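Visitor: Below is one structure. I have some questions about it.
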Amino acid sequence: MSNDPSAVSELPDKDSLDNGISNDNERAMGGNGDGGDGLRLPRTTGTLNVNALQKGTNAAHEAGGYKSMDPAKNAETTNDDDNNVVSLDDPIQFTRVSSSSVISGMSSSMSPHSNIDETKSLEAVTPNINTSNITPDHSADNTFSTINASESDHQFNDTLLSKLSLTDSTETIENNATVKHQQPVASSTVNSNKSSTDIRRATPVSTPVISKPSMTTTPRQINSASHSLSNPKHKQHKPKVKPSKPEAKSKPVSVKKSFPSKNPLKNSSPPKKQTEKSYYSSSSKKRKSGSNSGTLRMKDVFTSFVQNIKRNSQDDKRASSSSNNSSSSSITTALRISTPYNAKHIHHVGVDSKTGEYTGLPEEWEKLLTSSGISKREQQQNMQAVMDIVKFYQDVTETNGEDKMFKTFNTTTGLPGSPQVSTPPANSFNKFPPSTSDSHNYGSRTGTPMSNHVMSPTLNTDSSSANGKFIPSRPAPKPPSSASASAPIIKSPVMNSAANVSPLKQTHAPTTPNRTSPNRSSISRNATLKKEEQPLPPIPPTKSKTSPIISTAHTPQQVAQSPKAPAQETVTTPTSKPAQARSLSKELNEKKREERERRKKQLYAKLNEICSDGDPSTKYANLVKIGQGASGGVYTAYEIGTNVSVAIKQMNLEKQPKKELIINEILVMKGSKHPNIVNFIDSYVLKGDLWVIMEYMEGGSLTDVVTHCILTEGQIGAVCRETLSGLEFLHSKGVLHRDIKSDNILLSMEGDIKLTDFGFCAQINELNLKRTTMVGTPYWMAPEVVSRKEYGPKVDIWSLGIMIIEMIEGEPPYLNETPLRALYLIATNGTPKLKEPENLSSSLKKFLDWCLCVEPEDRASATELLHDEYITEIAEANSSLAPLVKLARLKKVAENMDADEDNDDDNDNEHINKTNNCDDNNDSKETVNLDVTEDDKQK
């Protein structure tokens, strides 16, 4: 050690340097920082494995991928954390270590004898010595140099601790040797990369090198070196113990230090943590030599324990961060407006390009087609017709009575500026008693004027409805939710002006009584408006706009009642979606139930107004059931006091799907009287049953005459004339019957003919059952109805033509076909063919062809047909039908008697068979008893 005074004078103050370094050592090694006693520890010998330098250098550079176990810290603190882990490997190293006490930890844990033994063992292993780059003058500062270069490598692995310490020491030695002959400067930068290159050049890889005892430091030299740091002149050059931030891939860090001109090793400022590295370099040799194996094993266990704790904490932090990210992303996803989900395309009907057949038809449609008798060839020839009739068949069979009300009567458009009348179901309807089967509307949706000769002048109070009454139209689909979400339509001034002729007390707008036909239109209009007040189910597109957030479309009334509901619904998360859906469905069902109850109360209230009070059984006597209609039984009775025959139709209101339609029928019939329409007498409500008293036609229906008698052309003309007269009246009121057939044409004993909305079904046979198997009786339907096209009042003219064929041949065309095949034949065949057309006169043929034109535009109207030659010249008087009515009635009575006798005979035969069976059983029992008695006697 040189005693150059200049060098000593330039060294920094020892106390100030040790205070800064000891504080860092306390944080890293658990010291208490209460003094510098560690500086006075005795020195011990040290060795340097030069062979390990090169391997350690390579391993240190290859360990660049190591990452910090603590994600909360930056990458630049990795080296400090790793050193902290290493320091825990030896509990003895928890003493204060200053920059001058190089091997104080070693001296405190091992005696000089153990160090000497270790040195001897190392010398025995590697006797070759290479001192080409090491001089005895520098031997006292080798360990300081090791500390100096330790900061150049900030990433290392625990398995390379011993090699790293030696490598750093050698790098610093070479570095010091390089700057030895330089001029003294205030600060010089030392790059450990260059030093690493120099040491590799100086030390061959193939030569194992280990230091001689000359490399060891004595306690005296260490104390001298420690004392050399006490000069306060170089306080401004006090080295920073904090490691600089490493660059990418752990590049060595340049450390600025001050070196004297002659002995640069004196000014080597040892950073913290190198003492532990130098110690572990020797402890790794001890593992190889087998000394202190128990202590090392405990150290290994403790080290692995600490590292596992670090890893677990790192995994927990990563898991928590990932869970936080996932939760935040889930919240973001919950608040994001999604696209439609769970969409299903159940059926896709296509056409095979080769065969031309439909592919992908629903199973129900396939069954209908196969059971209907429509062959594959027919399906291929008229594919679109098949599709239309299948849809129509399903609509007719699945529709309810309330929807039928919209299909029965005509539609009139409101004023253009009315937002409440945006769809046809929101329009007014004129109604008259239809039949028990379906009937369709033919009203206007465009408001185009028609000829005025079919209109009643009293209907001009509503110009828009009068002008566009007879434009052919189909019932439009149900209005969207926007219609139901609007304000109550019945209170709008536009609808008030349209309904200003209603005499009812239920109308919410001011009304002007009128005894003419406008009463019917206003009555039906009010019922239609009440229909619109029903809450509609939510439309799916409004849901998908905020999915998966549950929200519903509210009407203004609902929003006013619960203004906080939308805000609560928009905060929902996908996890609460099923609960929200269930609650929403429950609310909708509850609202529907309340609406049904409300409408039921309104229905009974309205019935009580239009019906008479009292018990009908006290006013009518001798009730005899003569038929069973679709909506109730039909009875005949005599009015007490006058002895007039009446027909009573009894209906259970709870079982009626079309209660509103029944009310409108009663109201229309009350205000309408026509000689060719069955007149309404009175109505009663008794114990939940509606009793409708009507004019009784004792001759029965035209069906009895057709099935039992043969009509002449004159008699057929009489029936056509009376029927057309009634249709003209209905059409003038904006009503179409849509179910004209022989069952709904009633006759009196004098031959008078009247239209009715129900048919007598006293004749129970196969033919009559076929007529009533399907609501709407497709055999009399017009092609435009079957093909789902727009239609108007001329559908009744087509039905009249089919009824003419029925009167000629005894049955309508296609009666023996299934209803679906009959619809197919009507749609594809057009005008049906007669069996014997040559037997008809030219006037009847012309009249029939005019009635059965496929195109509605070419078909005649009721007024035009009334002026036809066949009606004016060939048709006979009504009295000509009286003999046919009497004959048909006699035959019908005879059939009923025969049927009763057959039933009695069948009952007698069954009784005789049962008696014979009983006698046979008794005989067998007696025989068995006799046999048993004889056996007993023998015994």
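Cβ atoms here come from the backbone N, Cα and C positions, even for glycine.
As annotated in Swiss-Prot:
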COMPBIAS  44-57  compositional bias 'Polar residues'
MOD_RES   Ser87  phosphoserine
MOD_RES   Ser165  phosphoserine
MOD_RES   Thr167  phosphothreonine
MOD_RES   Ser169  phosphoserine
COMPBIAS  176-196  compositional bias 'Polar residues'
MOD_RES   Thr203  phosphothreonine
COMPBIAS  204-231  compositional bias 'Polar residues'
COMPBIAS  232-243  compositional bias 'Basic residues'
COMPBIAS  251-283  compositional bias 'Low complexity'
COMPBIAS  320-330  compositional bias 'Low complexity'
DOMAIN    337-350  domain 'CRIB'
COMPBIAS  408-467  compositional bias 'Polar residues'
MOD_RES   Ser418  phosphoserine
REGION    434-499  region 'BEM1-binding'
COMPBIAS  500-527  compositional bias 'Polar residues'
MOD_RES   Ser502  phosphoserine
COMPBIAS  542-552  compositional bias 'Low complexity'
MOD_RES   Ser562  phosphoserine
COMPBIAS  569-578  compositional bias 'Polar residues'
COMPBIAS  584-597  compositional bias 'Basic and acidic residues'
MOD_RES   Ser585  phosphoserine
MOD_RES   Thr773  phosphothreonine
COMPBIAS  899-908  compositional bias 'Acidic residues'
MOD_RES   Ser924  phosphoserine
MOD_RES   Thr927  phosphothreonine
Visitor: If you count Cβ atoms within 10 Å of the Cβ of Ser585 (phosphoserine), leaving out that atom itself, what do you get?
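Guide: For Ser585 (phosphoserine), the 10 Å Cβ neighbour count is 11.
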Visitor: Mind checking how the compositional bias 'Acidic residues' (899-908) divides into helix, strand and coil residues in DSSP?
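Guide: With helix first, then strand, then coil, the compositional bias 'Acidic residues' (899-908) has 10 helix, 0 strand, 0 coil.
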Visitor: According to DSSP, which kind of secondary structure is Ser585 (phosphoserine) found in, if we only use helix, strand and coil?
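Guide: In the DSSP reduction, Ser585 (phosphoserine) maps to helix.
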Visitor: Residue counts in helix (H, G, I), strand (E, B) and coil for the domain 'CRIB' (337-350), per DSSP?
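Guide: Counting residues per DSSP class in the domain 'CRIB' (337-350), I get 0 helix, 1 strand, 13 coil.
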